[in-house]
Every structure is written in C-alpha cells, then in structure tokens.
Amino acid sequence: MRFLWHNNASLFSSLNILFLTLLIGELAVMQIPQLIAILLVATALLSVINEKFIKMPLSIGVMVITMVASLLILLAGYWDWFHADHFVHQLVKRIDFSETLMHGMLSSMLFAGALHTNLTKLWQQKWAIFFLAIFGTFISTALVGYGIYYLFNGLGLVELPLLYCLLFGALISPTDPIAVLAIMRRVGAPADLEILISGESLFNDGVGVVLFAVIGAMILGESQTPVITGAVLFAEEMVGGILFGLLLGWVGNWLLEQVYDYHMDALITLAVSFGGYQMALVLGVSGLIAVVVAGLMAGQYMRKYYPADELGRTPLDIFWKIIDELLNAILFVLIGLELMSFATISVPVLAMSVVILVVLVARWVSVLIPIGFLKLCRHPFPRHVMGFMTWGGLRGGLPIALVLSLPQSEARETMILLTYAVVAFSIIIQGLSISPLMRFWMRNEKLPAISPSTRD
C-alpha cells in the first residue's frame, strides 16, 4: 500500500494544486502559482511546527497556529508594519467570499467529511443522529438567536436585528468533529460514541447551512417571505438534496467501478463534489446535502473495495484529508485578513463573552432534549455522553465560511467578530481541555458502547 501511495503522490499533489487553482483563482493581485505556493508552504510548515514542538492533535494545532498568525496579521495592520493594512484592504476587495466559500470550499469540506464516515455504523445509530442533527440544530439556532437578541438589548451591548441573531444562530450551531475524534481515539473512547459525534456533526453541518440559506432569504425578502414559506423551502431543500444525493452517489460509484486507477478515482470524486453541487443548485435543491449523501456512498464503496495501509487509510482517504486540512487553514487565514480590514473593533469584549456563554448553554440544551427523549424510548447512552458532546462540540471552519459569505453590511462586521470569538474559544479553550476531561471520565468509568459494533 505504501508503494501504491508513493507511486501516485506526484499526481495527487498535482490534483491538489489544480483543485486550489479552481478555488482561489481570483483571491489576490499576485500570480496564482505564487499564491498557491504560499498556501501550500505555510500549511506544511504549520503542520511540521505542530508535530515537532507543540504536539497537539493535528487539526487543533494547525488551527491554533493559523489563528495566532491571523492575530499577528491584525496587529501588523494596527501598527502599520510593512504597510500591511493597505495590502490587505486591496486583497480583501478582490475576494468574492460568497462565490469562493459557499459555492467552492463548502461542498468539498462536507464531501471530505462524509467520505471518512462509516455508513454502516452510521445507520446503526440513525435515530440518535437524526434527532441530534435535525432537532438539535433547530433548538440551538433558536436558543442562540433569541438568547443573544434579548441579552444584547437588555444589556445595551450590540444592536443586531432578531433575524440576524437567528442567522448567527444557524451559522454557529454546526460542529466540527475532526479534532475531537482524534483525541477520542487517543484516549480509547467507545467507537460508537465516535460515530455518534461524527454523524451528528456531518448532518448538522448540512442542516445548519440550509437554515442559514432560508433565514438569509427571509432577511432579503423581509415580510414578503413568511415563516411558512421558509419551512416549505427548508423541506424542499432537504428532501430534494437527499434524493439527488442518492442519484449522484449511485452515478459516482458506477463510474468508480468502471476504472481501476487511483488517479481516475480522485478525478471522479472531484467531479462528484464540484459538478454535483452545481447541478443541485440548478435543480433548486441543497447541493451541500447532496454532496454529503454522495460522499457517504463513495466512502462506503471505498472501504469495501480499496486496499488500505497499516493505518486503515486508502490513497483516496489521504487525498481528501489533505484537501480538508488545506481548506480549513485557508479559512482561518481569510478571516484574519477580513478582521484586519476593519477600521475598528466595534463589538465589546462583554458581548463576545455573552455570545460564548449562550452558545455553550444552547449546545447543552440541544443535546439534552434529543438524548432525553431517546432515553425515554429506552435508547441506551453512555453516562457521560452529555459532557462529551457538549464540551466536545467544537466550532471550526464552517461557521467562518458562512459568516464570510454574507454581503457587506454593518451587521456582517458584527457577526464576523462574534464568530471569531466563539471559534477561538472553542478551538483554544475547549480543544485543549477536552483531552484531560476525557481521560478523567474514562478513568472513572468504562463507558459502554451505544450499540454492538466494532471500530474501523
């Protein structure tokens, strides 16, 4: 397997460069090869620094370092080092965040997450994942939206209309399981708990994005878009996305069956991710839900027919993992650039603290209600599942991508700052403390599996 991967490394590297070229062609005044080189070198250096010196889980380490780098960029602009502010202002003006993020990066990030999820084990926990991803995301969106709206107004902190508060609730509710899953494997947490967390995160990403789009349409239409219309739009996007995703996944797997070459497999999955998303938009259904379903089907095919290395990885696994990590690193650099372009920081620290607290409470309630209902139906859960899923519900690249895709407005600047505060707290505080907390829970009680299955 190692020979196979080394044999194909050059082509996979070329495909990654081609992929990045498609995504960031208009990001800067510099030449595209220069920008790609900077991003690749920066990501590689950050990974090496983390591996040799910081020794955090890779996802957390790279995110922390890129966030620190973003803060340094912000300080450079504040003190006018190297005339950085002028360069960044010009750079940010050339970025179409909506097109680049919503119609480029997000589909690939969700496809990569789905590809690495075991569909067989996911199906064994379908009801728990369904209730957590659907109802949990709705609960979290409502609690965050109404919570910050009334607290901001009551404390006189920030003026943000109710619909924008709900929009913020939708974009901040999706979770990122990558870093937490790495920690869980390290401490020996139950395999079924891993599937529960990864499955919930995978689908709450899609649900959160659809909610974000629906609330965004209500904001644009104001009173002309009633709540009932929004509910119908949500149902159409979700159901249509699932049905189209099944068709897309079937076509993608059929194409994979026709070839026996890792090079072609990578190209086919890229075509499914990009092409499938664009076709879904034409059909008027959720492209992100469609690529999640297609990614799950492609991942199941890959696990069934592809030989894996000693770590259980296939070349396609590694290819999409590289893409996922690159996109997350790019997102943190982009939000740093966007922050630096602000003339002033318009949101007080107290408002950021309030938002962090509200998001944590909303996460706890959004996990408590579905799990409590399922327990009444005699669905077994580990004793500490609430702690695992509440404190381990990290926020990562998706909220950043969504908030950066908003059109220019005063509310957008406020929401970017609030999102940055929540993500920074989530990654640095929650991400670095979850490992000792998990070790404490694992030491005090051997957690039972949720259902009889085995780890990959």
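Heads up, the Cβ atoms here are built off N, Cα and C, so glycines get one too.
Just so you know, TrEMBL annotations never went through curation; they're auto-generated.
Lifted from TrEMBL, the feature list:
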DOMAIN    42-439  domain 'Cation/H+ exchanger transmembrane'
TRANSMEM  20-46  transmembrane segment
TRANSMEM  58-81  transmembrane segment
TRANSMEM  127-149  transmembrane segment
TRANSMEM  161-182  transmembrane segment
TRANSMEM  202-221  transmembrane segment
TRANSMEM  227-256  transmembrane segment
TRANSMEM  268-298  transmembrane segment
TRANSMEM  349-373  transmembrane segment
TRANSMEM  385-404  transmembrane segment
TRANSMEM  416-438  transmembrane segment
CB contact flag for the transmembrane segment (161-182) and the transmembrane segment (416-438), at least three pairs under 8 A: yes
Highest-contact recorded stretch vs the transmembrane segment (127-149), from 202-221, 227-256, 268-298, 349-373, 385-404, CB pairs under 8 Å: 349-373
Contact call for the transmembrane segment (385-404) and the transmembrane segment (268-298): at least 3 Cβ pairs under 8 Å, seq gap 6+: no
Tertiary contacts of the transmembrane segment (227-256), as residues 6+ beyond its ends and Cβ separation under 8 Å: 206-207, 210-211, 213-215, 217-218, 265, 268-269, 271-272, 276, 279-280, 283-298, 301
